[in-house]
Amino acid sequence: MASYSQKTYAQRGKEHAHPLVKELFAIMERKQSNLSLAADVSTKAELLALADTVGPYICVLKTHIDVVSDFDADLVERLQELAAKHDFLIFEDRKFADIGNTVKLQYGGGIYRIADWAHITNCHVIPGEGIIQGLAEVGKPKGRGLLLLAEMSSAGMLATGAYTDKNVEMAIANDFVIGFIGSRRFTEERDLITMTPGVGLHASGDALGQQYRTPTKIITENGSDIIIVGRGIYGPGKDTAAEAQRYREAGWTAYLNRLGPK
Ligand code: BMP
């Protein structure tokens, strides 16, 4: 059987059992985009403006909702409107890491009510499989999907070897899990997507341990599915829309090169 990395996103969407992943692949194909924006800005106005500017070029908007200083329920409504307007999914990068019972409360409730609006969220499996079960109890009835942090992009990160392998085992065994955060394709047992942060064409890293790799490395060579880009797209002196287009093109070209000649 051909590796999932050798199939088109369209084909994988057709064959996939999870409605959310089907929708994601369909968006990617429609927009010819495997780009996710890491929208790490600290006010509601900035987040909405950024999502509106970059929206046409992305398949997924990744948020850290707890860095928005003036968060309110209206922000979530407006983000959902932008998701509908520009045809993207929302991924709240919450990195849950507690016991099942606690993450249930954190995912479904509190101020943010993440499960009500984020199509995708993620967790560390450090507490064991109960974290996935707790999150699934809240998210599954709503049609949501979960990514496991099988690896991280930062220097000296500890998610390696047996720990990464355990992530893969747990993902295969739990149908609420739709994939991973990591740098490569992890398994052929089922079609679990990989989304990769730490992607940049502009720099090799930052002062706090972030490490950047190119779309070619991540998509063409490593078989990951989606690149996550933040500061490469926005920031002082940057033409945000132009940078988003540049990354969209780089990601899509890397994907076409992976598929090879028709
Ligand atoms: P930037 O491209 O500006 O470095 O942003 C990367 C984004 O991806 C940040 O939102 C960060 O929280 C996230 N991220 C990461 O950089 N490495 C990981 O291993 C996991 C992440 O979620």
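The backbone N, Cα and C atoms fix where each Cβ goes, and this holds for glycine too.
Note: TrEMBL annotation is automatic and uncurated.
Note that the coordinates shown come from a computational prediction; the quantities given were computed from them, not determined experimentally.
Same-site candidate for substrate binding, as annotated by TrEMBL with LYS62, SER153, GLN210, GLY230, ARG231, chosen from ASP40, ASP87, ASP175, ASP191: ASP40. Listed in sequence order, the recorded positions among ASP93, LYS95, ASP98, SER153, GLN210, GLY230 whose CB lies under 6 angstroms from an atom of ligand 1 come out as ASP93, SER153, GLN210, GLY230. For the recorded substrate site, residues ASP40, LYS62, SER153, GLN210, GLY230, ARG231 set the reference point as the centre of their Cβ atoms, and the other residues of that chain within 8 Å of it by Cβ are ALA38, PRO197, GLY198, ILE228, VAL229.
Largest Cα-to-Cα span within the substrate-binding set ASP40, LYS62, SER153, GLN210, GLY230, ARG231: 17 Å. Listed in sequence order, the active-site residues near LYS62 (substrate binding site) (C-alpha within 10 Å of its C-alpha) are ASP93, out of ASP93, LYS95, ASP98. Counting other Cβ atoms within 10 Å of each Cβ, the recorded positions LYS62, LYS95, ARG231 show the lowest value at LYS95. Neighbour density for SER153 (substrate binding site): within 10 A of its CB lie 20 other CB atoms from the protein chains shown.
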